[in-house]
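Participant: The active site, proton acceptor feature in Swiss-Prot is assigned to 322; the stated evidence is similarity to another entry. Swiss-Prot lists 84, 136, 181, 197, 198, 349, 408, 409, 558 with the feature pyrroloquinoline quinone binding site. Marked as Ca(2+) binding site by Swiss-Prot on the basis of similarity to another entry: 199, 322. The heme c binding site feature in Swiss-Prot is assigned to 618, 621, 622, 661; the stated evidence is similarity to another entry. As annotated by Swiss-Prot, disulfide bond applies to 130-131, with the evidence given as similarity to another entry. Marked as domain 'Cytochrome c' by Swiss-Prot: 605-684. Summarising the annotation, Swiss-Prot assigns signal peptide to 1-38.
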């Protein structure tokens, strides 16, 4: 049994076990098997190769001929929510996932459907997904396709027939709001999967399974027994970085999210981009006496056979701002100081680009790639030099970057030819302030999304942000730690990147385009319209001697749920291009443009209380009425008068529950719904242009 957990005396163990283990939940642990190394003509694993570079050796498409790219085929994913999947291409078949963890198998030559598999995720589980009902893809191994379902199952599907071979519930507690949105990885004969849910206060871990029989070799960390000693030294060391006084909050414990995204490369261990979000976000709330709170916001290396801890590097000690480390890790061999070094390249949400020695986890360098104000840099020991003006409690904090900003989950690529990393960067403005009234799972008006289980310990935007949003593509030199070129986009929330040996970088954008750039200087080479905004990354592969580029498109994700940069809202689609492609683009559909809601009576005295209720239950899905435009989910300020007049019919066992809308029966009263209506209508009146 593969277990790396912490167990110690009961009076100390329970909070830490459920806290630090949770830290491993947000763990972006991308684990890749050397046996699944992608042949040049295929895209067999999530990051293309066992180093996660998203660099293809295909070179048929070049800066000179990229303008000749044309559509070859498109495929309708029959979905209306966010599409974050990286397609996998093996033996002439593309496997791609849609929202709600639905798997599609396509003939890569024609784009025709071979089969689909729907794990039939109960739609009430949608409320447990902080950031949309997305899925980032599958793993393919020895005739099976593996997918993690949103409700926490790992499913093995026959790659030829699309029939389920086996499934396993990966959750250690079915009563907790866990989700899986990440792609599984296959490493050394094991299927490995992580999970998410940090905002909801769930405990993180990674599980490994035998792909042939669905047996589970182990859990990291394992559930453990609080009456026993710590199970290894790493958990005992982590326990010392948490304040026991802050570990039990109300009826709950400190929580941390994890999502699988580590890398294995003949080094004997898996490098795990680890624990994402500590919960609550407020460090003072979860650990009043301080402490670094290992292993949150860290890169952790584990033995792939046993899950044994090897080393860690914490990028944001005592994380106060949701600076997850779940972004892509890339393994590279570069020359530093005249010597070859085996390194990890990483650009997480805290706004710094890191170069870490992957053999021992030692810090090499870090440099901010966008403006930051939470820290002025990193010292020689790899600790951030923090800005004391951000100290809590009470301060309004206009943090740069904000929690959704600088980078997010969107994929990075690295070219050994140019020596550059290519990644989307952004600013999504946010103001945070410690919430003095916060208690675990005790939702109060004004606490963002606490009504559906979020535990932030922070007030979100107690006053409007001052900075402006932006989105850009950055080409970064990890040796010199400097930007080489950038491309400004019209909005944040752009897709991940692909780079090829032909010196071409591909990226999709929030304003519904697929772009090609010269990898050397950033010159735009080609553009194709997409049916809606793009958040996923493209892939490339070769069929019958011809290079193709494919991308799965569908607007959504947490930011894309409530706003948009394109007026197109075509259902989720896979688009495939090649030189000389002559197929016609499918017809695009557009958002229906409605006027601000009016003509419904409300009591202006209810607006203030309705504001807090709306923030607590609605804001991160529907946005601010009449201010945000609406994205994957409609903005209620542009609803019809009939909809708002009968809002209770949508809130209580409403018609959109089959699409994932929560049922607020027993959580809101009819009187509270009236006050939410007043806020929607009052805000619409406030922003309506004066005649």
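From the backbone N, Cα and C atoms, a Cβ is placed for every residue, glycine too.
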Participant: To the nearest whole angstrom, state the Cα distance for the pair residue 621 (heme c binding site) and residue 84 (pyrroloquinoline quinone binding site).
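Facilitator: Cα of residue 621 (heme c binding site) to Cα of residue 84 (pyrroloquinoline quinone binding site) measures 17 Å after rounding.
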Participant: By DSSP, how many residues in the domain 'Cytochrome c' (605-684) are helix, how many strand, and how many coil?
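Facilitator: Taking each residue of the domain 'Cytochrome c' (605-684) in turn, the totals are 47 helix, 2 strand, 31 coil.
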Participant: Specify the count of other C-beta atoms within 10 Å of the C-beta of residue 322 (active site, proton acceptor).
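Facilitator: Taking every protein chain into account, the count is 28.
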Participant: Please work out the number of neighbouring Cβ atoms within 10 Å of the Cβ of residue 198 (pyrroloquinoline quinone binding site), leaving out its own Cβ.
Facilitator: 32
Participant: Nearest of the binding-site residues to residue 199 (Ca(2+) binding site) by CA-CA distance, picking from 408, 558, 622, 661?
Facilitator: 558
Participant: Given the binding-site residues 181, 408, which one is most crowded in terms of C-beta atoms within 10 angstroms?
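Facilitator: By the 10 Å Cβ neighbour count, 181 comes out on top.
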Participant: Given the recorded positions 131, 661, and counting only Cβ atoms in the protein chains shown, which has the most within 10 Å of its Cβ?
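Facilitator: That would be 131, with the highest Cβ count within 10 Å.
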Participant: C-alpha of residue 618 (heme c binding site) to C-alpha of residue 181 (pyrroloquinoline quinone binding site): distance in Å?
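Facilitator: Distance (Cα to Cα, whole Å): 22 Å.
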Participant: What is the nearest of the binding-site residues 198, 408, 558, 622 to residue 131 (disulfide bond), using the Cα of each?
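Facilitator: When the Cα distances are compared, 558 comes out closest.
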Participant: Based on Cα distances to residue 661 (heme c binding site), point out the closest of the recorded positions 130, 181, 198, 408.
Facilitator: 130
Participant: Quick check: of the binding-site residues listed here (84, 181, 408, 622), which one has the Cα closest to that of residue 130 (disulfide bond)?
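Facilitator: When the Cα distances are compared, 181 comes out closest.
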Participant: Specify all same-chain residues, apart from the site residues 618, 621, 622, 661, whose Cβ lies within 8 angstroms of the center of the Cβ atoms of the heme c site, ordered by sequence.
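Facilitator: Going along the sequence, the neighbours appear as 617, 619, 620, 633, 636.
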Participant: Reduce the DSSP letter at residue 558 (pyrroloquinoline quinone binding site) to three states and note it down.
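Facilitator: Note: residue 558 (pyrroloquinoline quinone binding site) is helical by DSSP.
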